[in-house]
Amino acid sequence: MLNLGAVGRGATLLAGVLVVLVGLVHLFKILEETCTETPAMAAGTSSYECIGPSLRWNTDQAESPVADVNGQWRNVFTFVPDPFLLHWSPLILGLATISIHFAEPGWIIEAIAHTWFRLFLWLIFVALYGSFGYAGNMGIIVGFFLVFIAALALLIEVLFRNGQSPSTRMTLRAPDRLSECTPSPVTQVFSSIVIYGMPLVGFLTVILGVIVVIDRLPTICEDGYPLTNFESQLSCVGPGLIWIERTDTDVTVLDTTYSINTLVGSDDWGSFFSLRPSVFFDLLTPLLMGIISMLASLTSNVDSIMASWTLLSYWLLAQALFGNFGYGGNYGVVLGFLSSILSFCAGVVTWSKNPPTDKRARNSQSELSLSMPSCCAGSCCIRSSPSAATPAQSKA
């Protein structure tokens, strides 16, 4: 007899994988258009060269090496809500659908897949917002597949309305890769690279963030506007602040409480120091990510990043993609590759047979030091914790 529950669970997992593929195809297609070959590049007269299809390397000697030549990269790898949701929705929704079968039950999983009817609604939502509009024909095909699986979920809900409904989840789990706690020499080398490289890359990312902030400081007074129109009324307080001197001119009367530093134009103080997501995240992402990396590697204030080598690898990759490559011209490109190398090293430690599970500990004097590896609840942990004690330590 056909097991509808098993078919529905398997089809849901497959649907999640397909939506992830739709998201990846969409991202790759967008990035392919970031840096294209031009006649000037073929003639050797272009001011930049392409590093792959997505990144630009500034070759103009007259330009600063930190000139912003990779602004298009930030159209995809950004935390600004509008473009982030536009480009990353399929990948996020696909991963969420896959996580139904792997993650521990929580309120998110319960909201998505507690019943087959909820799963039906979720699959329709994913089809509409994460498939049909992306990756051309592939997105349309995957979208109709999601609708078909949603119809199957609704059929299961109806058939088992008065009986015991089959589970919507497979409850899969990743294999445990830790067989013992003894690190190999290779993993010791890779873990040491990450241990000492992360604070350095974090510091360099902070410098990158400072460069970005300084480069974008408002220059409205330096540009001469609007002082040329109101020379008798206005003066400058530094390069970005305008002071209203008096209001009794015959030309135009300005109240001294008029918010001229916010409402003048696109290069005023308010366009720089703003909590609008399109300004805040685009400007401060490298600075904030660099500070977080330094705090995570040198203090215990950001333990969530340092909880495992896997999370650390993801964080360093996110820092490269969202906080390095798109900023600071050539400097950001080099720094992005450094962060990617550290991410790769952390990934090697994660997937090695005998990874060092305790990266380092801070002694009572808060001095940075390496610590001996220890098992941490069967996962690849970096920092030791009281719950990670071995049986022998527990007896002691």
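Placement of Cβ uses the backbone N, Cα and C atoms for every residue, glycine included.
Whatever TrEMBL says is automated annotation, not expert-curated.
What TrEMBL records for 12-31 (among others) is transmembrane segment.
Taken from TrEMBL, the feature transmembrane segment applies to 84-103 (among others).
The transmembrane segment feature in TrEMBL is assigned to 115-132 (among others).
For 138-160 (among others), the entry in TrEMBL reads transmembrane segment.
Among the features that TrEMBL reports, transmembrane segment is placed at 193-214 (among others). With a threshold of 8 Å between CB atoms, the same-chain residues lying at least 6 positions outside the transmembrane segment (193-214) that come near it are 66, 283-294, 296-298, 309, 312, 316, 319, 323-324, 327-328, 331-332, 335, 338-339, 341-342, 345-346, 349, 359-360, 370.
Residues 74, 78-81, 195, 198-199, 201-210, 212-213, 216, 271-272, 305-306, 315-316, 318-319, 322-324, 327-328, 332, 368 of the same chain lie 6+ residues outside the transmembrane segment (279-298) yet bring a C-beta within less than 8 angstroms of a C-beta in it. Taken from TrEMBL, the feature transmembrane segment covers 279-298 (among others).
According to TrEMBL, the feature transmembrane segment maps to 305-325 (among others).
Remote same-chain partners of the transmembrane segment (331-352), defined as residues 6 or more beyond its termini with a Cβ less than 8 Å from a stretch Cβ, comprise 51, 55, 57, 65-66, 70, 177, 184, 186-187, 190-191, 193-194, 197-198, 201, 204-205, 208, 211, 286, 308-310, 312-314, 316-317, 319-321, 324-325, 380. Feature annotation from TrEMBL assigns transmembrane segment to 331-352 (among others).
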Taking a Cβ cut-off under 8 Å, which residues six or more beyond the ends of the transmembrane segment (12-31) line up next to it in the same chain?
53-54, 73, 75-76, 87-98, 100-101, 113, 119, 123, 126, 130-131, 134-135, 138-139, 142, 145-146, 149, 153, 168, 170
Against which stretches of its own chain does the transmembrane segment (115-132) lie, if we need a Cβ under 8 Å and a gap of at least six residues from its ends?
8, 12, 15, 19, 22-23, 89-90, 92-94, 97, 100, 139-140, 142-144, 146-147, 149-151, 153-154, 156-157, 160, 165, 168
